[in-house]
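Just below is one structure, and these are the notes that go with it.
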């Protein structure tokens, strides 16, 4: 099946960050086979021609760190620091989850993400009360591209920890897929919730199965103080000593890093998922993304969960990310528009090991989203497309979402998920949680 999308303004996010004012994209099945400017007059014979009527077409957004199973917990524990927020609000509520609640919560997060332009994401879920196969089936049904990882903790007895490791290894062996729509990573929660032995076992599983690692690291000053007091090392050095960085690793946050740590992370291909809104809301601080990029670290933007954000709008994350860097450095050139877009598209895709997506180029997966600026005053005049995408647009502006060549959202309607049922069930299950 060959489909041509014509009469579009195409934000390619190729090496030149080229914007094609009037162009077309040809998709064959799940792959982009041509991207050109001008009227459609291709040598390709196509099955369908779709007039985009001047819509902006850009790569699907890539969320490098989130927790969709937590989506029912939006608004729980506002105005709290990370540790008391986790210990007194989030974990007690997660302990009440059943497989049905977990699926309903996941569906809500998936619906919000895909309708706001996210096509790929990397996720960590707490396995308590969760049917992991049902979660993967739910993500698959959404049509999204994802790395969904089972989180490991050292809570409970040593026997509990051993069982968690065994189950995590089985999960990795079942779901790891280097190039498919769904994959997984090895995901120890953090250095403050995992024993040294568990972190070492996670490193072993990652090496033996050739998977990536996903972990919360260097998120707060308290974490750095506590880990240094307990192990005599800061979190980065401690994680490295456990062997975690033998495989490409995504660290969520990286708020509290010094220059030598940034250099070390770059040298060892440790990537950072930058969560600006979540870090601000939990009072964790502001990650120095400018310094990370200058050190050579791969960085991707992320939302974290709705419990600490409180939405999954990647446009909002792009905007706050660039504004924060300008503010903390008192430098209006810090994290310019093109860089912010890169960190939410092709750069983010590279962070989570999905190089097959993130830009609109021949050979890439057909993952793209559209915005119709014609009826949106906040996107007018419509000639400064890149600026408007970062500084004016929001996830509510999305018209269409195509993932792997399939129309997942079309004219604002999700084709893969039952929006009415999902919203009803989310409200019903949320009322049943004991706060």
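Every residue, even glycine, has its Cβ placed from backbone N, Cα and C.
Quick look at what Swiss-Prot lists:
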- 65, 67, 216, 304: Zn(2+) binding site (BINDING)
- 94, 150, 189, 219, 304: substrate binding site (BINDING)
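A Cβ within 8 Å of the Cβ centre of 65, 67, 216, 304, the residues given for Zn(2+), is found for these other residues of the same chain: 66, 124, 252, 253, 273, 275, 278, 302, 305, 308.
Between the candidate binding-site residues, 65, 150, the densest Cβ environment within 10 Å is the one around 65. Each residue contributes its Cα atom, and for residue 216 (Zn(2+) binding site) and residue 189 (substrate binding site) these two points are 6 Å apart. The most densely surrounded of the binding-site residues 67, 189, 216, judged by C-beta neighbours within 10 angstroms, is 216.
Residue 219 (substrate binding site): 26 other CB atoms within 10 A of its CB, across all protein chains. Listed in sequence order, 70, 73, 126, 128, 129 are the same-chain residues at least 6 apart in sequence whose CB falls under 8 Å from the CB of residue 94 (substrate binding site). Between the two most distant C-alpha atoms of the annotated substrate binders (94, 150, 189, 219, 304) there are 21 Å. Around residue 304 (Zn(2+) binding site), the same-chain residues at least 6 positions away in sequence with a Cβ under 8 Å from its Cβ are 65, 66, 67, 252, 275, 277, 278. Following the DSSP three-state reduction, the secondary structure of residue 94 (substrate binding site) is helix. According to DSSP, residue 65 (Zn(2+) binding site) sits within a strand segment.
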